[in-house]
Amino acid sequence: MTLSFRTQWPNDGQLFLESLKGIAEDDKRVLSLPFILSVLSALTLLARTLARYTPKSNPQVHEIDSNALAGGLDRREGMISRNGGVVAFLFMVTRIVACVALVGLSAVPIFLAYPLESPQGEQDHLSSGHIDASVFLANIYALLLASIAVLNSQWRVSLLRHNIAILLLEFAVLAYRDLWPFATYDKQPLDRSEGWTLWVKIALLFLTAVLIPVCIPNVYIPVDPKNPAKEVHPEQTASWLSFHSYNYLTPMIVAASKVPHLPASQLPPVADYDRAKRLSDHARSYLDPAELRSGRQGIMSGLIRQFGFEFFKGVIIAMTLYSITQFAAPLAINRLLTALQTDTKDTTAVRPWFWIIIMLLAPILGSMAYQFFIISMTHGLANAESILTQLVFDQSLKIRIKAETSGDPSDVETPGSAGEETGSSGSASQQVKAKSPRNARNTSSFIGRLNNLVTIDMNNITGARNLVSVLWLSPLQLIGCSIFLYVLLGWSSFVGLGLMIILLPVPGYMTTVLQGIQEERMKKTDNRTQAVSETMGVLRMIKMFGWERKTQERIDQRREEELVVVWRYMILELIIGMITFIIPIITMLATYATATIIMKIELTSATVFSSIVLFDTIRAELHGLSSGTLTEYVKARVSVGRMNSFFRDTELLDAFEDAESGGPTPLSGDVIGFRNACFAWSREAVGGESTPSSQFRLTVPGDLQFLKGKVSLIVGPTGAGKTSLIMALLGEMHFTPTHPDSGFNLPRAGGVALSVQESWVLNETIRDNILFHSPYDEARYKKVLNQCALEQDLELFEAGDLTEVGERGLTLSGGQKARLTLARAIYSKAEIILLDDVLAALDVHTAVWVVNKCLMGDLVQGRTVLLVTHNIALASPIASFIVSVSPEGVATSRGNDIAAALTSEPTLKREFEQDEAAIEMDREVIDAPTAAAPKKANGKLILAEEIKAGRVGWKANKLLFKSLGGNHPLFFFTVWIGVTFFEYIARSFNTWFLGYWSSQYSKYPTSEVPVVKYLWMYTGLTFIVVAAFLLRDTWFIRGRIRASKTLHKMLLESILGTTLRWLDETPVSRIITRMTMDIGSVDGSLMQTVANVQRLFLALIVSLVSAVLFVPLFTLPALCISAVGVWLATMFHKAQMSVKRESSNAKAPMLAQFGAAMAGLVSLRAYGAQDAYREELRKRIDHYVRVSRMRWDLNRWMNFRMHSLGAIFTALLATYLTYTSNVSAANIGFSLNAAVRFCTALLWSVRSLNYFQVEANSLERISAYIEIDQEPKPTENGKPPAAWPTSGEIRAENLTARYSKTGPAVLHNLSFSIGAGERIGVVGRTGSGKSSLTLALLRCILTDGSVYFDGLLTSEINLDALRSNITIIPQMPELLSGTLRYNLDPFNEYDDATLNSALKSSGLYASMGDAGETDRLGLDSNIATGGLNVSVGQRQIIALARAIVRSSKLLILDEATSAIDHDTDNIIQNTLRRELGSDVTVLTVAHRLQTIIDADRIMVLDAGQIVEFASPAELLLRPKSAFKALVDESGEKDRLYEIAKGRAKP
């Protein structure tokens, strides 16, 4: 029969059999192929042996190789252990036994042979004998290989591979000769004369060449033979079949199905080749940070080089096999329908059951290949995520701490830390105006960008894993479909394919437009993330000021801007998807029209339904390319660009920059100091790109060398640059030489310890904060506690030093945090200690204690101490060297002459005169600690993140449905589901119509079939499907945008409205994760998954009904298959939900590690603790990889089983239709086509449901945060009168307060009355309740009793109204990223005149001394996040100015001037007396007695109770007054008495 290229395939196997007839049919020479392979094998092994054991070889190499191949097992171990355990050893013994049997069976023909009588017969016998002997020798050689493999573990892998290859070839030869004929009509087994021995031989070959190789467990081979894993991941020892069917995961899945939640500890361990350290070490040769920074190398090129082999295995090999198996369905359908349409034997030489087996096995093998591709990609990308996370972290540890500001892009600097450490104390106005052209377009804060890089951008990069397959699989699929269509429809297929090629550039062009929108979208997301991150960082301040509503409006506005771009992105994505959906339809219509109208081809059922599957494949490839892969590519490309930009553009410290960029010149020897040095916070500022007045510069003329082993003081007025001098010595500032011998040096060999002014504490226990990675020495530890005056503080905590301090030390006062960081520095063994104004936050008693006991103690003796301080009189007696810094930023050595330093700076002289009496202060123990009481509590503050068990709850689903549907959810879902259901019914009807059309050719002559009519009808039906598709997605996009807006608003409102206690217990990283990652999931993957679940389940129903429509008896088997699928899916979902929840919670600790490192970056570098933090990050990455990789592995487990169930269903249906039913060929084709669609829908519906459950975890986490504890919401009844408050009168009756409902009371029945305009000073020891009182007045904590403010009961007033009329200035004020104007008036409520007046009144200009107008802070000066580019003292002044602007009737100062010099403090106090109205009440909490000595009354608190409340003069007259004791012990006794008496005079 000639080959036809028009309507059907040629007779199956005919041409192939003819081409092989001379070799295979009745010719036993093919049986000698195993022998030939054996000879080649022997030669190969001999060559390897000679190469390995040549005399030039290194014997140590042999030993290492041996250990590696043997899995690191000791040679002295037994044979069973060396071969992988009992099970593997039994398999190997079975292989040997089977090989022995094969040798015996192959020897039988030789011994039973007899000579033939004729010469020709003798010649044939001789040839046959030779062939039998070759088979016998091949089997002996295979036996030898199997035996040696058991004895020699070094060669085991190679020997077994050769053994399997020989036996597999022998099996293939016999299968072709003796098994294939059973699948044909006209063939017989060629070796049937051997009788039963033939079938035994085939069975043994199948056992040894197929079953044992795929079932034998692997032997564990460690990556590092010297350090094998203590616990092995099961995939490392799984057999080939177990690995590719993922059966090694079944025990874990079964275990998960029996418990509500499977913890991470019960998941398989991290494989040793996935550990972060190993990956980081291995990546160094592929991803060099220097190459990344120079731009000579990109992220993607390095990853491709590193994981190229994984990509090759997963893409080239697996995808090729998968592509081949994809054509099994159309081929089998074509052959079956061809057999059913005509007489079987005349049209096909292969029996139908063979094609049914192909329909069963091909999808299973294809699934194995596809799952292997996915597992290879996810494995490589999980490793890539681990590597990139470590690279980003390493790069972050090298950045220069600079101020990132928002506002005009031209004023944006290179990102710096958004943490808590101050980066400078220099003249802020000089810093904030610097421009950085290299980063001029970066408008996001560094911490926001960093969070996005390791969350959103990392997800985008790993989400593009399918892009790799596009480069290989899609071309293979399209080429294969084109060839197949040509065979079926002739050259008409080229018409459709030509149209497809012409139209493909359209979606390609639109994809480039989509990329631009994605870039804009990421910028908007960055802006929102910045606003959210900053808001979360200052949330306590926002709540205390009553700014929740205004803050929400500001963030909601940024969210609106983001969603506008998201809407454009989704619409364009829909248009691209619609175009790629239409292109295959146009291709199919053009092909059918050409074939029927021009070529007059009969569209038989075999042709139609085979081609439909092919066109569906083309449609799926193009639609997947547009809707998924290209979208992922666009996102990944943008994110890779952002990642490359981060490595290339972020400014690093001089020590990490290229040599040609200039670096510090160390001074000779171990000198500590400077020589003719100039420093700035920006590289450009000293490179000629900015004027000297536009940025702060620290100058050190001449030599300045600190004395080793002594205490040196660094003094100067507020904002002069004292902290900058410390930062410059640490190398944190950019160094510029001003002279050929310029340089600076800080020897680090003996260690450096740093205590920053704005204390950096870890979210750990007090003990862990002090130890800071140092070994615990009990004697030294207790001595540190005593000398740093921490013993009394520990008595206040139930858990003592095991108390968690919370994020940013929320459970500690400012003084406690300062002493904690001091204790860390003193406890360390560092030879050099840098202390940045640690005395500023301490009261008189504690400061004296620290100076006398600590700085003069034995733990400091012989160590070099550099102390920045305002308390000159207190610290100067211990100083051997003094450095003064002028307001212009010039550091000058004053030797040990305190008088010279004071003379140079009049401000310092006045401070010294005020504190001079402190030198003669009593040196005895003050407030000696009491005996330690036993501790019972565990000290936990931060609650462990809750992990829900089971499926996603109804509350979360209800929240989703309500947010999607808005005010009319029933209408929304009715329309959405109805349109989708109609679309899939229309699709199914289209397929049936094509079958109906094809059936007309069997009823009528070709000329009588109305082709044009049917073509137009099919075209009309097709465009109905397209219209439904467009309406469905447009309708859902509206719901998606509505849901994104609603959920973000609800989440933000809930967080802004929560209690301070909840904020204390919840790390900011968790909140930011909800507002970034989880909201990002809602914007993208979650909603897409919801759409997929709805679409696929409706498609599943329609496909199932269509498949059994003509064979209703098959409904029961279909339901049984579905039931098995549901059972598997149930087990799978329970395991996957546990893993997803653990994975979500495993991400937050990684982000927290980033946040902690960035917050204390200067301290980390000073202590040299980078390696410890890297190691901790690796542990957290390993934990994350442990659970995240399991997510992908579980998907593979489920996908393989769904593919297998689908293949079984299709094969059973095909068997039933072929052998038992009387259905027409057209309807059989329709049913089989529907069955194929059902299989696909079954797989993807289960996967999508799982994805929904997984992604809905984000929804669940959002829902949980929407339901957190809330403060009372505003009500109409709670609105105070419009004129309220008219005065600052405060009255409290039995005021009791506690921080939580179950916690102890911190204030006990306080009753007091404060008149309007009174100035009240609040004093008391640490823990007496001073700060608690201020929080109680603001209702920030739980209170009982009554508080009246201007006559109104505060408990009946709306919180926003109450707090917006009270202003509090905390000890560590929080500033926002933006201009100074924005910080004073964030909501544009005041004019510039008011703001400038407040700045002047606050003492800001006075604190800046003689600085010129260009150097002053102005309203347009930029302030960094957290105020990092201004000193702590200047932050307090700005906060005071903000308070003056608010004009509240009640002003609370909580240690608000602790970091300000005495002169500025005096200016501020005078300003408060002069500028504030007579009806403004001021409550001042202070440890400086001069700050509150002129108050109208003094409130002394102790243990939450008022012990004294009277005027200072009255209290000083009381002999046993606690306040009098404080004054008498101070160094300013006489002056304080004088001031008090002056205030007492009428």
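Including glycine, each Cβ sits where the backbone N, Cα and C put it.
Note that the coordinates shown come from a computational prediction; the quantities given were computed from them, not determined experimentally.
TrEMBL lists transmembrane segment for one of the ranges 30-51, 822-843, namely 30-51. Beyond its flanks by at least six residues, the transmembrane segment (566-586) meets 496, 499-500, 503-504, 506-507, 510-511, 513-514, 517-518, 521, 615-616, 618-619, 622-623, 625-627, 630-631, 1022, 1026, 1029-1030, 1033-1034, 1037, 1040-1041, 1044, 1083 of its own chain at Cβ-Cβ distances under 8 Å. When Cβ distances are compared across the two stretches, the transmembrane segment (196-221) makes no contact with the transmembrane segment (1200-1219), since fewer than 3 pairs at least 6 residues apart fall below 8 angstroms. Only pairs six or more apart in sequence are counted, and the transmembrane segment (30-51) with the transmembrane segment (1200-1219) gives fewer than three Cβ pairs under 8 Å, not enough to call it a contact. Two recorded stretches are said to be in contact when at least 3 C-beta pairs lie under 8 angstroms, sequence spacing 6 or more; the transmembrane segment (1097-1130) and the transmembrane segment (85-113) fall short of this definition. Tertiary neighbourhood of the transmembrane segment (311-333): same-chain residues 9, 304, 355-356, 358-359, 362-363, 365-366, 369-370, 372-377, 380, 468-469, 471-473, 476-477, 480, 484, 606, 609-611, 613-614, 617, 1210, 1214, 1229, 1232-1233, 1236, selected by CB-CB distance under 8 Å and a gap of 6+ residues from either end.
Note on the domain 'ABC transporter' (672-912): mean pLDDT across this stretch is 81.
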